[in-house]
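Engineer: Here you go, one structure.
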């Protein structure tokens, strides 16, 4: 793969070959007043720097930084983080996502040990482990997920672990069999958007395959909670989101997050609409009526934002 031209931004390089490439000259919608990320308080700034330093020393990546999450300051300030394993280079080029695309490096076989050591040093009670897509690996990275989960549990037997997994395209059966050998407390896989927008927003992904992943794992490991996440603002309708929620419940998904899509750069998909706090509240109420055990729905909600409280049904 050719190296990125230094004059080209990460977003421009990532989306330059897409069939439906976003138009960087498209006028941008003005952000409403309710789109505000919380900055870390003065007392938490030191903690944010400390956690970033720990990640660098252990050679680890946090999705909080790689995906430019708007809640980074708040979550790091409170001493929580979502760890991204298997490197920071993704084999997919979804035009809504700010993670780097390209040819990934070989797996770091010491990463599970380093990850467990770091989590132990941070004294976390709940941890979220996610990854880039690794279509270059025969099992999609499932064995590495399993090894990381095992290493963490060996170091901290009482910790709760949530894994936010990719779709394991073309190798789902093998991947699920491996993941079930060391099952997390919560298995999360994000549908991201409505099926009508998959070709544009999730090229290479399959809506039904993602639903099947969630249902099949729940059937294999009934005691593991299943979870998914959606973003809104790409042009979907309220009714389309409700239908996706119904599909999730029909596939035994118990927990849901819904948040506003925010454009990482001019070269990513543009925001078509900002949903109001009232609409997010309506989605939360509808989800609870459908039978979800918990729904976190709000403009700044992200898949792993306050994941520990979501798992305990304490965050709204």
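Glycine too: its Cβ is placed from the backbone N, Cα and C atoms.
Straight from Swiss-Prot, here's the annotation block:
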type: REGION; residues: 1-33; note: region 'Disordered'
type: COMPBIAS; residues: 1-15; note: compositional bias 'Basic and acidic residues'
type: BINDING; residues: 64, 69, 75, 304; note: [4Fe-4S] cluster 1 binding site
type: DOMAIN; residues: 76-293; note: domain 'Radical SAM core'
type: BINDING; residues: 90, 94, 97; note: [4Fe-4S] cluster 2 binding site
Engineer: Across all the protein chains here, work out how many other Cβ atoms are within 10 Å of the Cβ of residue 304 ([4Fe-4S] cluster 1 binding site).
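Structural biologist: There are 26 of them.
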Engineer: Which of the binding-site residues 90, 94, 97 has its Cα closest in space to the Cα of residue 304 ([4Fe-4S] cluster 1 binding site)?
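Structural biologist: The smallest Cα gap between residue 304 ([4Fe-4S] cluster 1 binding site) and any of the binding-site residues is with 97.
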Engineer: Mind giving me a neighbour count for residue 97 ([4Fe-4S] cluster 2 binding site)? Other Cβ atoms within 10 Å of its Cβ, every protein chain shown.
Structural biologist: 23
Engineer: According to DSSP, folded down to helix, strand and coil, what is residue 97 ([4Fe-4S] cluster 2 binding site)?
Structural biologist: coil
